[in-house]
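Marked as ATP binding site by Swiss-Prot on the basis of sequence analysis: GLY33, PRO34, SER35, GLY36, CYS37, GLY38, LYS39, SER40. If you look up Swiss-Prot, you'll see 1-243 marked as domain 'ABC transporter'.
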Amino acid sequence: MAVNDVNVFYGAKQAIKNVGLDIVAREVTAFIGPSGCGKSTFLRCLNRMNDTIDICKVTGDIRLDGEDVYDRHIDVVELRARVGMVFQKPNPFPKSIYENIAYGPRIHGIARGKSELDEIVQSSLERAGLWEEVKDRLESPGTGLSGGQQQRVCIARAIAVSPEVILMDEPCSALDPIATAKIEELIDELRSNYTIVIVTHSMQQAARVSQRTAFFHLGRLIECGDTETIFTNPQHNLTQGYITGRFG
């Protein structure tokens, strides 16, 4: 994805100011910065989740494979299949585990029959590292799983419609350390097939899972580069101050 001069307004308030960056394919890009810096707002621009907010206006250019995602001819439902989203709080549908995964492929016409749908469900759960844990209870409610398992259901649900990009908005913030470690391991495995963008408040998590890191402050992108450089040799004083804990 390529982003150029993006601004976001909520009414008269400007939340994102002139942000531009390239999101590299088959890598994990982490967005870091203090609370309220705009990183989640910017993330939601990438698949037009901000469209659901009446007073939100987005200007600038965001392209997926060269195509303007804000073009008026874009099918937003199709866009959100290509650029999936995993939210901060696990939000499985109030359906069975099977139906949570099958729903997307069914409505998008991806599966041509029950056997193909079964294959997609199994493959998606396998990629999310959950198949062995749930294969004997696929008809059980997705909401009955543990928090970490529910988040992996949500990741499998995104995978099931063959996205190019997966957006993750603080996917581990509601999870315990063991579940967090499983999600981080999963992110590392998924990046060989998907472009992943993750918002995180944890600099340690950004350092562990990402290849590139973007630091936001007061709605502006201050610095973006390879993760090791951002954490060991930042070029901007604001980045240095945040990384070293002088503010947060």
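Along the chain as shown, residues are numbered 1 onward.
Cβ atoms here come from the backbone N, Cα and C positions, even for glycine.
Predicted, not measured: the structure shown is a model, and the values here were computed from it.
Everything Swiss-Prot records as a feature, shown here on the structure.
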| residue | record | Cβ contacts under 8 Å, 6 or more apart |
| --- | --- | --- |
| GLY33 | ATP binding site | LYS39, PHE215, PHE216, HIS217, ILE222, TYR242 |
| PRO34 | ATP binding site | HIS217, TYR242, PHE247, GLY248 |
| SER35 | ATP binding site | HIS201 |
| GLY36 | ATP binding site | none |
| CYS37 | ATP binding site | PHE216, HIS217, LEU218, GLY219 |
| GLY38 | ATP binding site | VAL8, ALA15, ILE16, PHE216, LEU218, GLY219, ARG220 |
| SER40 | ATP binding site | PHE31, ASP169, GLU170, VAL199 |
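When other Cβ atoms within 10 Å of the Cβ of LYS39 (ATP binding site) are tallied across all protein chains shown, the result is 28. Regional average pLDDT for the domain 'ABC transporter' (1-243) in the model is 97.
Mapped onto three states, the DSSP output places SER40 (ATP binding site) in helix.
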